[in-house]
Structures are given as C-alpha cells and as structure tokens.
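**Q** Not my notes, these are from TrEMBL:
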type    : residues                                    : note
DOMAIN  : 5-143                                       : domain 'Glycosyltransferase family 28 N-terminal'
BINDING : Ser12, Ala13, Gly14, Arg166, Ser196, Gln290 : UDP-N-acetyl-alpha-D-glucosamine binding site
DOMAIN  : 189-345                                     : domain 'Glycosyl transferase family 28 C-terminal'
Amino acid sequence: MSKRILFTGGGSAGHVTVNVALIPKFVKLGWDVSYIGSIKGIESELISNIESVDYHGISTGKLRRYMSIENFKDPFRIVKGVFEAYTLIRKIKPDVVFSKGGFVSVPVVIGAKLNNVPIIIHESDITPGLANKIALPLATKVCVTFPETLDHMKSDKATYVGAIIRDELRSGGASQGLSHLQFENSKPIILVMGGSLGSKKINDTIRRNLPTLLDQFQVVHICGKGQVDDSIQLNGYQQYEYIHDELPDVIASADIVVTRAGSNSIFEFLALHKPMLLIPLSKAASRGDQILNAQSFEKAGYAEVLLEEELTDESFMLSLNILFTRKSQIIDTMAKHDQSNTINQVIELIQNTARTR
Ligand SMILES: CC(=O)N[C@H]1[C@@H](OP(=O)(O)OP(=O)(O)OC[C@H]2O[C@@H](n3ccc(=O)[nH]c3=O)[C@H](O)[C@@H]2O)O[C@H](CO)[C@@H](O)[C@@H]1O
C-alpha cells in the first residue's frame with residue numbers, strides 16, 4: 001500500500017511554495033498526496049489544480065494581531081476548521097503531516113495530533129510566526145531555514161535544513177524572459193516584487209521614480225492582486241499582479257531585484273544569484289520578521305537594506321545605485337552559498353518521521 005502524506009499551509013504564497021517544491025518529489029516516490037487548505041485562499045489557487053493532489057478546503061479564521069469585528073467570529077470558524085480537519089485526517093489516514101504554517105495550518109495540526117499522526121512543521125523566517133508557535137508543542141520535528149532560528153526556538157525538535165526551493169526556478173532562461181517581457185537587450189532589468197501580495201509603499205515609490213528609473217533600466221513590476229495601474233503604459237515598464245509559470249524566465253532575465261524580505265523570495269534570489277535591495281515590512285505592520293531576515297542577508301553580503309521608515313525617493317535611488325555598483329561583488333559572494341541538497345535532506349527527514357505501517 002502507498003505511503004500517504006498530507007500537506008498544509010496557506011494565507012500567502014510564502015506559506016505554499018515550499019509545499020509546491022516538495023509535492024512532485026513525493027508523487028515521484030509513489031506516495032499519495034493530500035492537501036488541506038482554505039476554501040478560497042491562494043493555496044487553493046496554487047494547489048487545487050495539481051492533478052496528483054487531493055485538495056480539501058476547510059473553514060479558517062485569521063490569527064490577527066489587531067482589533068477587528070472578525071476577531072469575534074474567527075474562534076468559531078477555527079473550531080469548525082479543527083472539527084473538519086480532524087474528520088478529514090481520520091478518513092485520509094496520512095502517515096505524516098507537513099505544515100508550512102499560516103493560519104489555515106493550525107486546525108490541521110490540531111486535527112493531526114488528535115489522530116496521532118506525526119507532524120513536521122517548517123519555519124521560513126528567523127523568528128517563528130504565530131501559527132508555528134501554536135503548532136510547536138504538537139510537532140514531532142521542526143525544520144528551520146535560518147541557522148539563527150535555533151537560538152529563538154529553544155527546542156530539541158528543531159533542525160536547521162535551509163531553504164526549500166522549487167526545481168523549476170533553477171531552469172529559467174534569460175532570453176525567454178526578455179521575449180516574454182518584450183524588453184530589449186540594451187538596458188539592465190530591475191525586477192520589483194513587493195512580496196506575494198504586493199506592497200503599496202513599494203509600488204508607489206517605483207511609480208513616482210519611473211521617469212528616472214527608465215533612463216537607465218527596464219522595470220518588471222509585480223504589483224500584487226488589484227494593484228496594476230493600467231493608466232501607466234511606458235516603454236521598458238511591465239506590470240503584473242502575480243507571475244505563475246513565466247517566473248523562472250523573468251527572474252533569469254533580471255539583473256537586480258527590489259523586494260520585500262519574505263524568506264522564500266530572498267532565498268530564491270540568493271540561489272539564482274540576483275543582488276537584492278530589500279525593503280522589509282515594518283514592525284508597525286508585522287512582528288518584524290522581515291527586518292531580521294533582511295539584516296541577516298545584509299550581514300552575509302547578499303543585499304542592500306532600506307528600512308521602510310527611511311524610504312524616500314532620494315534614499316531609494318541612492319540604495320539602488322549602490323546595489324547596481326556592487327552587483328558583481330554580491331554575485332561572487334552569493335556563488336559561495338550552496339543549498340542544493342536541502343530538499344533531499346527534508347525528504348529524508350519526512351520519510352524517517354512518517355509512521356510505519
Ligand atoms: C505580509 C506577510 O505576511 N509576509 C510573509 C509571507 O510573505 P510572502 O507570502 O510574500 O512570501 P515569500 O516572499 O516568502 O514567498 C513568496 C513566494 O511567492 C512566489 N511568487 C511571488 C510573486 C509572484 O508573482 N509569483 C510567485 O511565484 C515567490 O517565488 C515565493 O516563492 O511569508 C513569508 C514566509 O513565511 C514571510 O517571510 C513574510 O513576512
């Protein structure tokens with residue numbers, strides 16, 4: 001009988017793309033693969049069309065850090081989600097659950113524990129997110145991406161594995177990227193990505209500085225859902241809400257990147273040797289995890305960092321020019337970083353943690 005793995009994780013693409021990297025590996029190994037996510041979230045968009053995956057949507061509540069009327073309804077949604085996850089897991093009978101975090105993962109982890117299924121959680125950021133903090137006592141093992149996380153997560157369950165990157169990202173072609181973007185070979189290309197959901201602050205800064213930027217560069221701008229501005233039609237400037245299949249080619253064609261400091265994105269740019277200007281999400285809007293991610297990359301010599309509080313048109317153009325000048329030196333530093341074996345290490349850990357039947 002085939003082994004069975006159940007994945008969970010969602011809310012933003014950063015809580016899904018690691019699962020997207022692992023799923024084909026388990027399909028190839030002959031495992032049955034199921035996924036529990038939300039009914040309408042990005043995970044349902046990114047996963048439910050993968051043929052070999054049995055996708056189940058459950059009721060979810062968001063773990064907010066701010067006051068909202070929804071905070072009173074969400075405990076009921078979460079309890080409903082736990083009941084749905086528990087019942088599904090009883091039926092699916094997975095040998096192991098792999099959780100990438102995000103609020104949808106909490107009911108799934110609780111449902112797995114109630115069914116006595118071993119749970120592996122994966123933390124992408126330096127400090128654990130709220131969902132993973134709740135999941136930690138229930139988990140069998142915890143995989144972490146940054147070595148520094150072991151200091152924040154004082155648990156013998158934690159193992160440093162590094163970043164899990166989708167294979168397809170490594171096979172992009174710069175010339176395919178150029179032709180997809182309808183760009184020329186004459187000017188360098190900046191890829192702007194304000195996280196998987198987009199960033200209004202970064203979008204506005206780019207658009208205000210477009211005349212100056214386009215003198216020197218071509219700009220491909222991933223703006224986030226609903227944030228493309230159709231009134232801007234300029235040569236050498238392309239906007240997208242989100243890029244799916246063409247992302248490997250687009251990244252391959254880019255010379256430098258301007259991005260938030262979401263863990264998956266920055267490790268992907270590191271693996272693909274793309275020097276980065278990081279503008280981390282501020283502490284006012286988050287637990288400050290992206291600031292720590294960014295500082296770690298700056299210290300390692302992979303990135304320039306500009307804090308949101310210090311973001312002005314002048315500081316942005318200055319940091320961008322410094323990055324562009326340091327480009328070759330940064331690429332040399334990036335070339336010394338090798339994480340090509342992380343995915344195999346994680347697969348082995350999952351296989352060793354799964355129940356034996
Ligand atoms: C606002 C917020 O809560 N952000 C968090 C979220 O970020 P976010 O969801 O932005 O996640 P990441 O930057 O880590 O990853 C985004 C993923 O989406 C992919 N992608 C993105 C754009 C696109 O057009 N196409 C595409 O495929 C990227 O290649 C990457 O694999 O999860 C990260 C990982 O836990 C955290 O570090 C971030 O702090």
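Along the chain as shown, residues are numbered 1 onward.
Yeah, the Cβs are placed from backbone N, Cα and C, and that goes for glycine too.
Heads up, TrEMBL stuff is auto-annotated, nobody curated it.
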**Q** Far apart in sequence but close in space: which same-chain residues, 6 or more away, have a Cβ under 8 Å from Ser196 (UDP-N-acetyl-alpha-D-glucosamine binding site)?
**A** Ser12, Ala13, Gly14, Ile42, Gly224, Tyr242, Gly262, Ser265
**Q** When the domain 'Glycosyltransferase family 28 N-terminal' (5-143) is classified with DSSP, how many of its residues are helical, how many are strand and how many are coil?
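**A** Split into helix, strand and coil, the domain 'Glycosyltransferase family 28 N-terminal' (5-143) gives 63 helix, 29 strand, 47 coil.
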**Q** Among Ser12, Ala13, Gly14, Arg166, Ser196, Gln290, listed as contacts of UDP-N-acetyl-alpha-D-glucosamine, what is the widest Cα spread in Å, to the nearest whole number?
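**A** Among the residues the record ties to UDP-N-acetyl-alpha-D-glucosamine, max Cα distance equals 21 Å.
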**Q** Sorted by position, what residues of the same chain at least six away from Gln290 (UDP-N-acetyl-alpha-D-glucosamine binding site) have a C-beta under 8 A from it?
**A** Asp125, Arg260, Ala261, Gly262, Leu278, Pro280, Leu281
**Q** What number of additional C-beta atoms lies within 10 angstroms of the C-beta atom of Ser12 (UDP-N-acetyl-alpha-D-glucosamine binding site)?
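**A** For Ser12 (UDP-N-acetyl-alpha-D-glucosamine binding site), the 10 Å Cβ neighbour count is 17.
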**Q** Taking the Cβ of Ala13 (UDP-N-acetyl-alpha-D-glucosamine binding site) as the centre, how many other Cβ atoms fall within a 10 Å radius?
**A** 21
**Q** Within 10 angstroms of the C-beta of Arg166 (UDP-N-acetyl-alpha-D-glucosamine binding site), what count of other C-beta atoms is obtained when all protein chains are considered?
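**A** Arg166 (UDP-N-acetyl-alpha-D-glucosamine binding site) is surrounded by 19 other Cβ atoms within 10 Å.
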**Q** I'd like the Cβ neighbour count for Gly14 (UDP-N-acetyl-alpha-D-glucosamine binding site), meaning other Cβ atoms within 10 Å of its Cβ, all protein chains included.
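**A** I count 24 other Cβ atoms within 10 Å of it.
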